[in-house]
C-alpha cells in the first residue's frame, strides 16, 4: 500500500521542480535509476539479459 501511494505521489508532480524524482515505470523503484533507459538497474538487467533492449549486449573482457 505504501509503495503504491508513493508511486501515485511521484506521478502527480510537486509544487517545486526540485522535489520531483524519477521512478522506474515497471516496478516503481526510486533508487538506482538509469535516465538513458528510463528504468531501474534491476529491470534493466532483467530485460537486457532476455534481449528485449536493442543495442545492449553482455560485455566480456
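Don't overthink the numbers, they just go from 1 along the chain as shown.
Heads up, the Cβ atoms here are built off N, Cα and C, so glycines get one too.
Because the structure is a prediction, the values reported are computed rather than measured.
What Swiss-Prot annotates here:
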BINDING   24, 27, 40, 43  Zn(2+) binding site
Those residues of the chain, 6+ apart, with a Cβ under 8 Å from that of residue 24 (Zn(2+) binding site): 30, 33, 39, 40, 43
Neighbouring C-beta atoms (10 Å sphere around the C-beta of residue 43 (Zn(2+) binding site)): 20
Distant-in-sequence Cβ neighbours of residue 27 (Zn(2+) binding site), under 8 Å, six or more positions away: 40, 42, 43
Residue 40 (Zn(2+) binding site) CB neighbourhood, other CB atoms within 10 A: 22
